[in-house]
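Listed features, source Swiss-Prot:
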{"type": "SIGNAL", "residues": "1-23", "note": "signal peptide"}
{"type": "MOD_RES", "residues": "Q24", "note": "pyrrolidone carboxylic acid"}
{"type": "CARBOHYD", "residues": "N29", "note": "N-linked glycosylation site"}
{"type": "DISULFID", "residues": "C33-C57", "note": "disulfide bond"}
{"type": "DISULFID", "residues": "C34-C73", "note": "disulfide bond"}
Amino acid sequence: MRISATLLCLLLIAAAFSIQVWAQPDGPNASTCCYVKKQKIPKRNLKSYRRITSSRCPWEAVIFKTKKGMEVCAEAHQKWVEEAIAYLDMKTPTPKP
C-alpha cells in the first residue's frame, strides 16, 4: 500500500511539472503556426499580418488576419505570401514624425 501511495505522489508531481512546461511562452499553441495553409488567399480579403518564429516550428510562418477577423497561417517563403506582405505594407501608411 505504501508503494502505491509513493507512486501516486510521484505521478502527481510529474503531472504538475509537465503542465508548467506546456504553459511556458514557448509552449505549443496556435500562434506557433506549424499548420499552414498552402492555398492562396486573395489579397483583397487581407487586413494585416504578423510574422511568427518559434523553436517548436521548423519554418518561419506568417499569420494573416482577414477582413472578416479570421487568422490564417502561411509559410513565409511562398511567393504569394511575400506578395501579400508587400501589398499590405504598401496599404499601411507610414507614420510621419
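Just so it is clear, glycine is given a Cβ too, placed from its N, Cα and C backbone atoms.
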Report summary line: Three-class DSSP assignment, C57 (disulfide bond), comes back as coil
Query raised in the report: For C57 (disulfide bond) and C73 (disulfide bond), what Cα-Cα distance in Å is obtained after rounding to a whole number?
Result: 12
Requested in this report: Reduce the DSSP letter at C73 (disulfide bond) to three states and note it down.
Outcome: strand
